[in-house]
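Notes for the one structure printed next.
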Amino acid sequence: MDAPHLVANLNDAQRQAVTAEAGNQLILAGAGSGKTRVLVHRIAWLVQTQGVSPYSILAVTFTNKAAREMRARLDESFRDSGTPINTRSMWVGTFHGLAHRLLKAHWKDANLPQNFQILDSDDQLRLIKRVYQNLGLDAEQWPPRQAQWFINGQKDEGVRAKHMQASSDPFIRTMAAVYAAYEADCERGGLVDFAELLLRAHELWLNKPAILAHYQGRFPFILVDEFQDTNSVQYAWLRVLAGESCFVTAVGDDDQSIYGWRGAKVENIRRFSEDYPGTTTVRLEQNYRSTANILNAANAVIANNAGRMGKQLWTDGEDGEPISLYAAFNEQDEARFIVERINDWALKGNRKDSCAILYRSNAQSRVLEEALLREAVPYRIYGGQRFYDRLEIKNALSYMRLASRRDDDPAFERVINTPTRGIGGKTVDEIRAFAREHGCSLWQASEQMLANRVLTARAGNALASFIKLIDTLGEKSSELKLDQLAESVLESTGLLEFHKKEKGEKGQARAENLEELITACRVFEAPEDEESVLQQFLDTASLDAGEAQADEFEDAVQLMTLHSAKGLEFPLVFMAGVEENLFPHKMSVEDPDRLEEERRLAYVGITRAMEKLYICYAETRRLHGGETFNALSRFVKEIPNEYLDEVRIKSTVTRPARLQGKAPAKPKGLRISDSGSDTGFRLGQRVAHKKFGEGVIVHFEGSGSSTRVQINFNDAGVKWLVVQYAKLDPI
Ligand SMILES: Nc1ncnc2c1ncn2[C@@H]1O[C@H](COP(=O)(O)OP(=O)(O)OP(=O)(O)O)[C@@H](O)[C@H]1O
Ligand SMILES: [Mg+2]
C-alpha cells in the first residue's frame with residue numbers, strides 16, 4: 001500500500017492531506033503553499049494505493065488549462081507507477097466543462113435538443129439586443145449589458161424568470177421581462193449560455209433522481225480546486241451530487257477570492273464544514289513558490305484587509321532580489337521597459353515562457369502587444385482577446401455553426417450579410433419579425449418567406465443564394481474533413497477575401513487568423529467517437545475560448561489579466577499599470593468591499609512571481625481614448641520600502657519622489673537608452689509632425705546630430721525619425 005514516490009516531496013501537513021482516510025476535507029491555505037499539488041497527489045494516491053478507479057473521481061479545476069495540466073501531471077504519475085491510464089476519459093474539468101459533458105450525455109432529460117449550441121458572452125448580448133427590439137425597449141434607458149449581467153446573476157443564484165417575484169421597481173420589472181423573453185428564445189433555438197450550463201446541470205440532479213443516484217454511485221470522490229471562487233449554483237450542484245455518501249476535498253484560499261463581482265461566494269468556504277459533517281480542516285503554511293521578499297510584500301498588502309480567515313505563510317527560501325518599481329513616463333515607455341527587461345532575461349539564457357505580464361484590464365494588452373511585436377518577441381495571451389473571440393474567427397465559426405445547425409439564430413445574424421451580399425437591415429428586420437410572429441428560427445423564417453415570395457426580387461435573390469450557400473456547406477460538412485470544411489467556408493463565403501481587403505495590418509492579421517483556423521481544425525482531436533467532429537470542434541471552441549492562442553510549442557511571453565493568472569506561477573512577473581483608478585479599478589475605489597477584492601487581486605498578482613517581480617506604473621496614460629494622470633496605486637504603498645527598489649533611469653525630467661522615505665537608488669545595471677537630452681526633447685513628450693500629425697516620443701537612439709527618435713503617432717503608428725530633419729514641434 002505504500003507509494004513513497006507520491007509522498008516523498010511533501011511536507012508533513014501536505015502528506016497528511018494526501019494520505020488521509022476517506023472523509024470530507026477542507027484545505028485552507030495561502031498562495032503557493034502546494035494546494036494544487038496536494039490535490040493532484042491525492043488523486044494519484046487514491047488510484048495507486050487505495051484501488052480507487054480513476055473513473056470514479058471527479059475533479060473540478062478553475063480553467064481548462066488547469067484541467068489539462070492536472071491530467072498531464074496524473075499521466076506522468078500513472079506512467080511512473082507502471083499503470084498507464086487514459087486520463088482523457090477522467091472527469092477532470094471546469095464546472096462549465098463538466099456540466100456540458102453531463103448535458104451532452106443527458107440532453108433529453110435536460111430538455112435540450114441533442115445538438116444544443118453554447119452561447120458565448122458576445123452571442124448572448126446579441127440575442128439580448130434582439131429581445132430588446134422585440135419588446136420595443138429603449139437600449140439607452142436600460143443598457144443591454146445590464147440585462148446580460150442581470151440574467152447571468154439570476155442564473156448564478158439558481159433563479160429562473162418564472163421564479164421572479166412581481167416587483168414595483170421598474171428596473172426589476174423590465175429586466176424580468178427581458179429575462180423571460182430571452183429564456184424563451186434560447187429554449188426555441190436550443191441555445192445554452194454559460195450560466196445556463198450550470199443551472200441546467202443542477203436542475204438535472206433535482207428533476208431526475210435516477211440520474212443523480214447513478215452519478216452519486218459513480219463518483220465517491222470529489223475534489224475541487226480554487227474553492228473560494230465557487231458561486232451559489234456551483235456550490236449547490238456539488239452539494240447535491242455529494243449527497244450523504246461522497247467524500248469531498250475542497251481546496252481554497254479566502255485571500256484569493258477575486259470573482260465576487262461574478263457571483264462567487266467566499267462564504268462557501270465557511271459553510272463547508274457545516275454542510276459536510278466530519279470535515280477535517282488542513283492548513284498549509286509553508287510557501288514553496290516565491291522568494292522571501294516577494295512573499296513578505298504580498299503578506300504586507302493583504303494584511304490591510306479586514307475579516308480574513310487568517311493564515312500564516314512563511315518560506316525558508318532565499319530573500320531574493322527586491323521588487324523593482326518602475327515609474328514610466330507613459331504607457332509606451334512602460335511597455336518598452338518591460339520588453340527590454342524580457343530581452344535581457346532571454347539573453348541570459350532564460351526561456352520567454354517563464355515571464356508573464358499581468359494587467360488589470362484587457363485593454364491594456366494592446367500597447368504591450370505592440371511593443372512586443374515591434375521587438376519581434378513572441379507572446380501568447382490567455383483570456384480576454386482570445387483567438388476564438390476575434391471577429392473574423394467568430395464569423396468563420398458562425399458559418400460552420402450554421403452548416404451544422406440551421407436554427408442557430410446568433411450565428412445566422414452574424415453572417416447573413418457578412419461579407420456584404422445585398423441583404424440589408426430592412427430585410428433582416430423583416431425576417432426577424434416573421435420569426436417572432438411564427439415562433440420559428442430565422443432560418444425557417446427565411447425559407448418560408450422565400451416560398452411565399454414576400455420579399456422584393458432583389459432581396460429574395462440575395463437571400464436565396466445565402467440559403468443555398470449554407471445548404472451546400474451543410475452537405476459538405478458530412479463529407480469533408482474538418483480542415484477542408486474550414487477552407488471551403490473561407491473560400492466559398494468570400495470571408496477570407498472580405499477580411500483581406502480591410503486596410504493595412506489589421507486585414508492581414510485577420511487573414512492570418514483565418515488561416516490559423518484551418519490549422520486549428522487540422523490538429524483538432526475529437527474527444528468522443530459518437531458525435532460529429534464539427535460539433536465537437538465548435539463546442540470546444542466555445543468552451544475553451546482558445547486559452548492557448550499562439551503555437552503551443554513556441555517559447556513565448558505570457559500576457560494575461562490578473563484574474564486569469566490565478567493558480568499559475570512564473571519565475572519573472574511584471575505587473576503593469578499599477579496605478580490608482582486602474583488598479584484598484586476606478587469602479588471599486590469608493591466601495592470598501594470591492595476595494596478589498598481588488599486588494600486580493602493584488603495579492604494574487606504578487607504571489608504569481610517566483611524569483612523576480614517588477615511593478616510598473618505610468619505617470620500619464622492614454623487608455624480608452626483619453627489621457628489620464630494617475631498616482632501610484634495604494635497597494636504599492638502598502639509594501640514596506642525594504643522590499644522595494646525604485647528603478648532610476650537617466651533622464652532630464654525631474655521625477656516626483658513617489659515613495660515615502662528614501663528609496664534606495666540602485667540602478668542594478670539597467671541600461672535604458674539615451675535620454676535625448678541634447679535634442680531639446682524628452683521621453684514622453686507630445687510633439688507634432690507635419691506629415692504624421694501628433695504623437696508621443698517613446699525612444700531615443702544615438703547622440704548629437706544623428707540622434708534618432710521613435711514616435712508613436714496617433715494615426716500614423718510608430719516611426720523612427722532623425723531629430724535634425726524631422727522638424728518636430730513640441731505641443
Ligand atoms: N513540499 C513541496 N516541496 C517542494 N515544492 C513544493 C512543495 N509543495 C509545493 N511545491 C511547489 O510550490 C509551488 C506552488 O504549489 P501549488 O501551485 O500547488 O500551490 P497553490 O497553493 O495551489 O498555489 P495557488 O494558491 O497560487 O493556487 C509549485 O511549484 C509546487 O510544485
Ligand atoms: Mg493552486
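Positions of Cβ are set from backbone N, Cα and C atoms, glycine also.
As the structure is a computational prediction, the values presented were derived from the model and not from experiment.
Here TrEMBL flags 8-291 as domain 'UvrD-like helicase ATP-binding'. Residues or ranges marked as ATP binding site in TrEMBL: A29, G30, A31, G32, S33, G34, K35, T36. Residues or ranges marked as domain 'UvrD-like helicase C-terminal' in TrEMBL: 292-567.
Neighbour density at the Cβ, taken as the number of other Cβ atoms within 10 Å, is lowest among the binding-site residues S33, T36 for T36. Taking a Cβ cut-off of under 6 Å from any atom of ligand 2, the binding-site residues A29, G32, G34, T36 reduce to T36. Cβ proximity to the ATP site centre (mean Cβ of A29, G30, A31, G32, S33, G34, K35, T36, cutoff 8 Å) flags the following additional same-chain residues: D253, L284, N287, R289.
For A31 (ATP binding site), the same-chain residues that are 6 or more apart in sequence and have a Cβ closer than 8 Å to its Cβ are D253, D255, Q256, N287, R289, A298, L313, Y603, V604, T607. Summed and averaged per residue, pLDDT over the domain 'UvrD-like helicase C-terminal' (292-567) gives 87. Note on G30 (ATP binding site): other Cβ atoms within 10 Å of its Cβ, all shown chains, come to 25.
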